[in-house]
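Undergrad: Grabbed the feature section from TrEMBL, which reads as follows:
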DOMAIN    42-149  domain 'Gnk2-homologous'
DOMAIN    156-262  domain 'Gnk2-homologous'
TRANSMEM  284-310  transmembrane segment
DOMAIN    346-622  domain 'Protein kinase'
BINDING   374  ATP binding site
């Protein structure tokens with residue numbers, strides 16, 4: 001351990017030294033040169049996915065070749081700002097190409113290419129099963145396909161014209177004439193034989209109306225192909241000429257104009273306005289004095305990031321090795337081919353949901369068991385941490401009110417997690433329904449509340465490790481065939497030292513369910529889950545959702561508190577129950593909800609105490625709640641600033657949305673694992 005600590009300290013010290021030198025150089029450089037900052041132009045112009053699906057026999061090889069192609073292109077693009085290659089053979093061959101706009105600097109090109117690798121995954125073979133895709137960002141282009149497209153220059157059926165949404169605000173006839181003059185000139189200049197770059201930028205200004213543009217042919221296109229492509233692009237872009245901007249996105253070239261200057265002036269290919277003479281406005285003395293600092297900045301920057309990349313790769317190799325060993329030694333290891341066949345090769349008809357970290361499919365195993373299979377997207381470098389914690393920690397937790405992890409696969413072209421299939425959707429699907437027959441009777445609601453409380457009590461106090469869920473809400477309480485509640489999305493945990501009484505962390509969860517000390521201070525204990533449960537209890541009894549606004553534009557929590565203070569809390573009970581519930585018990589559950597949703601975490605009960613209160617028939621022993629948070633003490637007006645924000649902070653893994661049982665389009669969270677059970681007082 002000492003050596004490890006020393007190594008970490010050394011790495012941290014070296015990194016800090018690099019960063020200090022880098023910042024000093026950067027400060028000196030920007031002091032001398034008042035130049036504009038680079039822009040990698042990562043705005044997406046279009047993503048065009050093939051409509052041809054990979055045949056199952058070659059799917060695995062094609063996916064493997066796809067990943068190899070992306071990996072192999074990275075150093076090529078970094079060195080020369082383009083890459084063209086192919087991987088594999090016969091029906092599983094993947095042809096891939098990427099190129100940055102010629103005016104982009106090398107660092108901006110690297111950023112744009114990195115963004116492309118992430119965004120093109122939306123039509124990648126393992127997500128949509130397609131064998132081709134083209135991504136146009138304003139700064140770069142990427143394409144992969146099963147066929148050789150390196151001789152294509154312009155294919156009318158595959159070209160796309162994208163016009164701006166706004167009309168030009170000034171004299172449109174002048175602007176249109178200027179735009180067409182510009183794109184014709186750009187096309188002619190870019191396709192000249194002496195223009196080895198097949199690239200040109202420039203502007204036109206007549207009658208004080210300026211238009212800026214860029215034309216570029218892709219690296220694999222020859223001179224005649226460039227001419228054919230750009231001539232066709234000029235014809236196509238005329239349909240946009242009255243708009244503020246327009247683009248033609250072709251298989252062989254790219255043409256764009258805009259009322260705003262979007263290209264960089266630090267390129268050797270930038271031209272002066274057509275029809276005008278120009279020269280550099282930067283004095284030679286400034287260029288000479290700054291060149292050495294610029295070179296130093298580049299060297300230090302490259303050295304810093306190369307070193308960081310080496311250290312990161314070492315850490316990831318160690319994590320992956322530990323992960324692979326854990327999976328292979330566990331009983332959870334499942335064959336990728338078996339899981340692939342269980343979903344009929346991830347057929348879209350079996351898809352249950354899709355979200356930021358992957359898609360979830362219904363599958364039938366060879367023994368006939370129905371399961372939910374999640375395909376993890378390799379979009380984040382933290383996936384190994386998440387997957388390792390899921391397999392190594394949560395797999396050992398078994399409770400009737402927690403969704404079970406049944407297995408996993410890590411040896412295929414993508415990582416898979418296998419969960420038990422829960423057929424009755426989420427609690428969110430069954431509350432606030434119009435038809436009485438679709439709602440939940442009182443006995444079922446009581447059962448759901450008690451089961452959810454027992455599941456949380458197990459996570460907090462009875463399991464071998466202490467787990468804080470962080471995202472208890474209607475959509476994360478699933479219902480099996482007997483309407484037994486099962487808490488979902490608790491699998492991606494993090495470990496913390498034994499002596500932590502609370503965790504200071506970036507907030508993640510669903511606003512409206514999040515405890516005030518967590519939202520405001522970032523302090524997390526198990527009492528954050530207790531707060532969320534209190535909100536959930538009020539929703540279940542009232543049949544209303546926390547984000548719904550009731551009388552006089554006040555929140556549900558505020559309304560329940562007002563009714564409680566006036567001894568009328570039972571008036572909030574769901575009207576769809578039509579009085580078929582024990583009033584005393586309903587009032588007790590609302591009171592428990594208010595107890596759990598108190599502003600101070602120290603005043604909230606533990607989940608084991610909540611379980612006892614729900615089961616206990618002696619209502620008199622339950623203490624009186626204090627005012628919930630986010631209420632103005634003077635006027636009683638509800639603070640809407642938090643509930644009016646976005647619903648969630650993190651995209652996650654395993655949820656429901658009306659008919660879809662595992663809809664991951666809801667934004668979810670990652671739960672946490674810490675050890676000491678004491679909490680810290682938060683003053684409302």
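Note that Cβ sites are derived from N, Cα and C of the backbone, with glycine treated the same way.
Could you place the listed features in the three-dimensional structure?
TA: Predicted-model confidence for the domain 'Gnk2-homologous' (156-262) is 91, expressed as mean pLDDT.
When secondary structure is read from DSSP and collapsed to three states, residue 374 (ATP binding site) falls in the strand class. Around residue 374 (ATP binding site), taking its Cβ as the centre, 23 other Cβ atoms fall within 10 Å, counting all chains.
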Undergrad: Would you list the DSSP helix, strand and coil counts for the residues of the domain 'Gnk2-homologous' (156-262)?
TA: 37 helix, 34 strand, 36 coil
